[in-house]
Amino acid sequence: MLNGKKIVLGVTGGIAAYKAATLCSKLVQKGADVHVIMTASATQFITELTLQTLTRNAVYTDTFDEREPAVVSHINLADMADLVLVAPATANVIAKMAHGMADDMLTTTLLATTAPVMIAPAMNVHMYDHPAVKHNMNLLAERGTLMIEPGEGLLACGYVGKGRLEEPETIVDVVERFFAQRDEVSWKRSEPALVEAFALGGAQEGIQESMQSGVSVQNTLLKGKKVVVTAGGTIERIDPVRYITNDSSGKMGFAIAAAARDLGADVKLVMGSTQAQPPENVQIIPVQSAQDMYEAVSQEWDGADIVIKAAAVADYRPKEVYMEKIKKKGDTLSLELVKNIDILETLGKRKTHQYLIGFAAETQSLEMYAREKLERKNCDLIVANDVTRSGAGFGTDTNAVHIYDRDGLVEELELMSKEDVAHRLLRIAAERIAGRN
Ligand code: PMT
């Protein structure tokens, strides 16, 4: 089901635009909150009123048609989207997307969103085969755009061949499975809608051969990348039976490690003290103290592409670790603590090619403290969470974070699953690395 999923549906000007009515109706029936953006030419084939009535949301056609002064519509749509689906996608909009054009509401929104983008091309068979169209689709594929291939059959223009918009029922099924399996998609060639999850890193051939074999296709946004994640708290021993730790369950770091795995990365998970089940199919490096964690991360540092420090590392440890259990004496016991290595700051000083992401666990002045850490520790991104907020921070399955870079706020993620936070964070990192390369 698509309950609560916000889907921005782009409708462009081909005869298949009439199918947008059925597509909207079926998405809404599945519980999706559908917001339609039409190109001017699409309104020649189907009316805004039809789609507005079916979605019970305003339909946008014009970038400057601002209905609420306090809201910039295309940015609002871009930020709210869990998925941007362009169906039908004409050769023209595919060309505009491939070359970063933004001359109408739809293409402007497409450039502004960090949500996953899925397109369902529909056009004349010869247009679909044209080298320019193929080139543009490959460009989009390399950036992680998901494709729903056209069906074959009699086209509106009288030709027979590949170019017919896939049936709305099939598109809805693909969208449902996308959300259900997020980035791990298993399609068999026998299925009518061949959704080819293309992605960064030129893995298309890998995708196609695995499709021939019918094995499950993983999104490969991070294929070939080595990702190191730290998770959980650290254990700073006092004596053989006592230690200092914190409330970190490891869930945030585990979600990041699992998401990186699902995006095709080679994942090393440096795991401190945790209360959750770590993900499978990642290499786990168990550690206890901050020093242990530093040494483990240092081992992986030179070969790492992305390092994400989600662990809650103790800033101090007992100056003296007793070899025997401290016996209870008087009414008080004083422990002198000394400062631990700041792993993130140390890595920041050694950073060369690595993309370094830190976390900030704050209880007040979130932005100020987070941006100060970002600068001081030389991070590329800092993920700040108010750990006093209900549903966020330690031990929860959800989190609400603000992601900052040196220029300020990159994205605010409202309360959502730690898995969704992880995927959004990794997409931002992958796009930044792609841009850098
Ligand atoms: O594990 P969960 O239960 O899911 O909880 C998730 C979380 C709240 C632990 C996580 O979202 C989080 O905020 N992790 C960072 C916790 C923390 O130590 O924050 P900090 O602001 O004290 O540290 C800032 C950054 O420096 C962190 O990336 C931390 O890993 C790093 N650090 C801190 C101290 C130290 N000695 N070495 C470090 O590397």
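Count begins at 1; order follows the chain as displayed.
Even glycines carry a Cβ here, placed using N, Cα and C.
Annotations in TrEMBL come from automatic prediction, not curation.
From a predicted model like this one, the values you see are computed outputs, not experimental measurements.
According to TrEMBL, the protein carries these features:
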type: REGION; residues: 1-226; note: region 'Phosphopantothenoylcysteine decarboxylase'
type: DOMAIN; residues: 5-177; note: domain 'Flavoprotein'
type: ACT_SITE; residues: CYS157; note: active site, proton donor
type: DOMAIN; residues: 222-429; note: domain 'DNA/pantothenate metabolism flavoprotein C-terminal'
type: REGION; residues: 227-437; note: region 'Phosphopantothenate--cysteine ligase'
type: BINDING; residues: ASP315, LYS325, PHE359, LYS373, LYS377; note: CTP binding site
Contacting recorded positions, sequence order - CYS157, ASP315, LYS325, PHE359 vs ligand 1, Cβ under 6 Å: ASP315, PHE359
Whole-number mean of pLDDT values that fall within the region 'Phosphopantothenate--cysteine ligase' (227-437): 95
Site extent for CTP (largest Cα pair distance over ASP315, LYS325, PHE359, LYS373, LYS377, Å): 37
Whole-number Å value for how far CYS157 (active site, proton donor) lies from LYS325 (CTP binding site) (Cα to Cα): 85
PHE359 (CTP binding site) in three-state DSSP notation: strand
Chain-internal residues near the residue listed as 'active site, proton donor', provided their CB is under 8 angstroms and they sit 6+ positions away: ILE15, ASN124
Under 8 Å by Cβ from PHE359 (CTP binding site), counting only residues of that chain that are 6 or more apart: MET252, LYS309, ALA310, ILE382, VAL383, ALA384, ASN385
Binding-site residues: LYS325, LYS373, LYS377 - member with fewest neighbouring CB atoms within 10 Å: LYS325
